[in-house]
Amino acid sequence: MNQSLTLAFLIAAGIGLVVQNTLMVRITQTSSTILIAMLLNSLVGIVLFVSILWFKQGMAGFGELVSSVRWWTLIPGLLGSFFVFASISGYQNVGAATTIAVLVASQLIGGLMLDIFRSHGVPLRALFGPICGAILLVVGAWLVARRSF
């Protein structure tokens, strides 16, 4: 996939996330628990991915799925569910902009730390730009979020 298409997908996913969370908040407003919205979200994804796996690989795909399960392979699903829960809660309690600002800033810091940890021997000079960018993003997130906390 070329860089332009990747950028377009990332932008579409970012906008889609705002729409998704807004709709999920609406579901929680007509439900007794946030779990209804989360389960509907997961159910749609499961049906979609099961259908694609069946279409592409048939029963062999399900055999591979079962053989791929390890205890640690369940962690991304738990973290994804936590992310969805935190996002919906954030939209409900502090609004979309604050939620997005805090999530993006914390993701950038975590990603930058991971990149620094993985990049053995990278000169400090090469990290100056990314670190300054992260600081500016955190300051921007604080400016957006300070009214909510």
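Just so it is clear, glycine is given a Cβ too, placed from its N, Cα and C backbone atoms.
Shown for the topological domain 'Periplasmic' (1-4): DSSP residue counts in helix, strand and coil, namely 2 helix, 0 strand, 2 coil. Positions annotated as topological domain 'Periplasmic' by Swiss-Prot: 1-4 (among others).
Within its own chain, the transmembrane segment (5-25) has Cβ neighbours under 8 Å at 37-38, 41, 84, 87-88, 91-92, 96, 99-100, counting only residues six or more beyond its boundaries. Taken from Swiss-Prot, the feature transmembrane segment applies to 5-25 (among others), supported by sequence analysis.
Within the model, the topological domain 'Cytoplasmic' (26-33) carries an average pLDDT of 96. Sequence annotations record features per position, and here Swiss-Prot assigns topological domain 'Cytoplasmic' to 26-33 (among others).
Within the same chain, residues 20, 24-25, 27-28, 61-62, 65, 81, 84-85, 88-89 sit at least 6 positions outside the transmembrane segment (34-54) and bring their C-beta atoms closer than 8 Å to a C-beta of that stretch. Annotation comment: Swiss-Prot describes 34-54 (among others) as transmembrane segment.
Look at Swiss-Prot and you will find 55-70 (among others) tagged as topological domain 'Periplasmic', backed by sequence analysis.
Below 8 angstroms of C-beta separation, residues 17, 21-22, 24-25, 28, 34, 37-38, 41-42, 98-99, 102-103 of the same chain, each at least six residues beyond the ends of the transmembrane segment (71-91), sit close to that stretch. The annotation transmembrane segment is assigned in Swiss-Prot to 71-91 (among others).
Sequence annotations record features per position, and here Swiss-Prot assigns transmembrane segment to 94-114 (among others). Counting residues 6+ beyond its ends, the transmembrane segment (94-114) has Cβ neighbours under 8 Å at 18, 21-22, 86-87, 130-131, 133-134, 137-138, 140-141, 144-145, 147-149 in the same chain.
Taken from Swiss-Prot, the feature topological domain 'Periplasmic' applies to 115-123 (among others), supported by sequence analysis.
Annotation source Swiss-Prot lists transmembrane segment at 124-144 (among others), citing sequence analysis.
Long-range contacts of the topological domain 'Cytoplasmic' (145-149) within its own chain (CB-CB distance under 8 A, at least 6 residues past either end) are made by residues 94-95, 98, 101-102. Per Swiss-Prot, the feature topological domain 'Cytoplasmic' maps to 145-149 (among others); the stated evidence is sequence analysis.
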Residue numbers, six or more beyond the limits of the topological domain 'Periplasmic' (115-123), whose CB comes under 8 Å of its CB atoms:
130
